[in-house]
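K.L.:
Quick one: the structure is below, and I'll ask about it shortly.
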């Protein structure tokens, strides 16, 4: 792209963005800076030959961390340095739900948000600490969340909400903002990824307020990761070693081959995402042999370091272009990820944590796992059943009939026992009775127009069912 056209595009964009009164001056300048970086064609690819596997000093094995201090006073002092931040910008639309994803019921009538609040309440009660909860909303979830958090008014935790940035979608043809062309509804805008957490925390005034209260670290996680509970060993390690940033990573399985990984690159620890990998090395990137770990998006970051880097405008994370279409108009969303910020912080590390700290619920197949006898809930934490000897969870594949939460729940009188299950595939018009037990490899595929009802109390082990006759 010729520089002149890039310059013209940018000046046209600036004058259009200046007229968008729905967003703040901070958001306008943040957006213009992001687009300018994108147009300058900053190199996104890495030089493959410079990639090194991180050592145990850089990616610390969890089992080498020092034990948590014994005394409850020491633990209280540790916890009083902590803030928990949940990324709450996503909607439950992919699972057929309206409103924020965090209000989907996970188990025992409790939502993601209920479980998070119970966990922190439990910590604060046990140790007399004051760990606040921050929710970073997007413009899509803000209004609903404000109403939802009222139900926690009587809890012993402070709950704060703030909004991540709101940026205009760019029309690909002329590089002008969609809202300035009359799309003033929500479709004209987008939240620019969780990388915007850092400036948003600062612009909201929350960052300075937390620092003035003596808070030192923020533990950030997706609100749908049920494994992301406060870990005192990790917090203790970071405080003792003055690490400004920590990313929790965990060993890859074949399901995670596209996940970002940590590398050592030119003397710093860096996140490597599949989008940055040159085409000829994508196969190598996906191999579990060379890149053994992936990013859980559980992050621990020092608050003063965030302040220093935001004020210096130093957090220039890799830009992720996300093309979309709105009513036939091709648009572009430029996004950044919080994990990519790792290379800007001093003494940044990864910690290789057990898989139990990564339990995301992205689809109803995940919901089946966490609602089953594979897990129990204790003090808001989802604990895996020790009766399951296989460290990996069964693979679950559910057809489109189960995609929406309401349909999924309607098709199970009760969630089957799956402690001894290896894999399950269910497609078509299938209904489950109560007390069903599934073991080994089970496939239930109802052909079009055929209804399959699994009777109450059925035990199905290593079986393929293609119709009622197979039961």
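For all residues, glycine too, the Cβ spot is worked out from N, Cα and C.
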K.L.:
What does Swiss-Prot list, out of 194, 237, 241, as binding the same substrate as 89, 90, 222, 223, 224?
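P.N.:
The one candidate that Swiss-Prot places in that substrate site: 194.
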K.L.:
Name the residue, out of 52, 153, 164, that Swiss-Prot lists for the same UTP site as 87, 88, 89, 90, 101, 193, 224, 362, please.
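P.N.:
When Swiss-Prot describes the UTP site, the candidate it includes is 164.
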K.L.:
Could you work out which of the binding-site residues (89, 90, 193) has its C-beta surrounded by the smallest number of other C-beta atoms within 10 A?
P.N.:
90
K.L.:
What number of additional C-beta atoms lies within 10 angstroms of the C-beta atom of residue 222 (substrate binding site)?
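P.N.:
The answer is 23 other Cβ atoms.
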K.L.:
Which of the binding-site residues 87, 89, 101, 193, 362 has its Cα nearest to the Cα of residue 222 (substrate binding site)?
P.N.:
87
K.L.:
Between residue 87 (UTP binding site) and residue 223 (substrate binding site), how far is it from one CA atom to the other, in Å?
P.N.:
6
K.L.:
Given the binding-site residues 89, 101, 362, which one's Cα is the least distant from that of residue 194 (substrate binding site)?
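P.N.:
Closest by Cα: 89.
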K.L.:
Other than 89, 90, 194, 222, 223, 224, which residues of the same chain sit close to substrate? List them in sequence order, counting a residue when its Cβ is within 8 Å of the Cβ centroid of the site.
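P.N.:
Sorted by sequence, the hits are 86, 87, 88, 101, 102.
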